[in-house]
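Colleague: Sharing a structure, written as structure tokens. Questions coming.
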């Protein structure tokens, strides 16, 4: 365990030995403050963008309605990250061709199947039976159709429980594509296959995948130049907006002087903004993005305080202060100075959010977020008590608490604030009851975090993760626990899409459900190979550079 001895500020004149993390400083410094005077797109760029958009719309509307060409165009538009301009046209087509997905070859069927499931339609997977032999195995000659194999691989990712044929399809295509990949040399197709094997569309963050796909598409000799030009221009215009947003949020962060006063916390504002961008990137959700970024930033401070810095007595006081949710509580409970900074900063953020929502006559909705914040902090406190009491709970107890410590119930609820009229009181009443789709997303978040960060956390001293809980309860090795937890994560993805198909088209609009799904996608990305939030300088830094700094030429 890594320890440091620090003297707490004047109100608690005692020496306390505290744990500290091994995280590095921010890799960005004041970089994003440089965009304060960024003006956005020029009038000429705006006009060009609008003209190109209408040309793409014509292409989409005029494409043959019953042809593979239409599906290919929809897929390309989605992969290029510009589908948000044509949601109505895409939905209108997909919902009227719901029963036609089984027509065509492997590529056509798999492509249509995936596009329908992405839209929230649970179409049957029986159409794939014609590609299997008498034993139920996929026919080996399919390996000669690389495009079809890739399409089947992507489609099978959207499987739910009981769809054994899709489980088999995923195993088959994963194995065969890995064998085929070296034979494709360094072609654009090889790059797409390699990317899909690591980052399937199911897990994709729109802005990250769009940046990559624009490059793939440009190398395709059959690319449509008009569509490519539109995708590039749209990416760059959005990037300018995102730069300006992050500049404004960075100014807020600097004014809090967090790094100076709370040196133990992870200074990860750009990474948090990237997280929010993964939930929604569209210009109409600018207010929601700013709200969510500030909210997650405060959660990160609180998380670090409960995980490594606060004593049990201090955390008891802070938990009570959160429960009271009153600025006077910091003085009444005599919070330590460093905790007052966090507490007052949190309440200030919520006051600011309330003012933003008042413009839409929706300030009352903030109470839903506050309720979830209180639940989350109480769950953090439970973990602290386990740590100080040297207790390793049973897996069931750990996971019940872990739904809240994942922070995703709180984050998902807060992500809907600032989204406008689409998020109604009925929607918030639904989400605070922790529907299965949200529980599934939270389990994915909790367990992925545990898998990739538990060793580092145990070195410094932390509450037991799901890995330690499972190892102790079932008497297994770390490797065996990892396998079991990976299996639980896979099953949770199935749960998530099962519920998406059930709820889509009910009182909850698809755009709200996508926030929950996108949160799961972000956590998959952040914890793909490492804890990239804590250690962004290894890989995440380069991704953020491409998404938030470097325009496409």
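Each residue's number is its place along the chain shown, starting with 1.
Keep in mind that glycine also has a Cβ here, set from the backbone N, Cα and C atoms.
Annotated Mg(2+) 2 binding site per Swiss-Prot: 303, 307, in sequence order. The Mg(2+) 1 binding site feature in Swiss-Prot is assigned to 303, 307. For 303-307, the entry in Swiss-Prot reads motif 'DDXXD motif'. For 457, the entry in Swiss-Prot reads Mg(2+) 3 binding site, with the evidence type similarity to another entry.
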Colleague: Please list the DSSP helix, strand and coil residue counts for the motif 'DDXXD motif' (303-307).
Modeller: 5 helix, 0 strand, 0 coil
Colleague: At a 10 Å cut-off from the C-beta of residue 303 (Mg(2+) 2 binding site), count the other C-beta atoms across all protein chains.
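Modeller: Excluding its own Cβ, residue 303 (Mg(2+) 2 binding site) sees 19 Cβ atoms within 10 Å.
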Colleague: Suppose we draw a 10 Å sphere around the Cβ of residue 307 (Mg(2+) 2 binding site). How many other Cβ atoms does it contain, all chains included?
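Modeller: Within a 10 Å radius of the Cβ of residue 307 (Mg(2+) 2 binding site) lie 21 other Cβ atoms.
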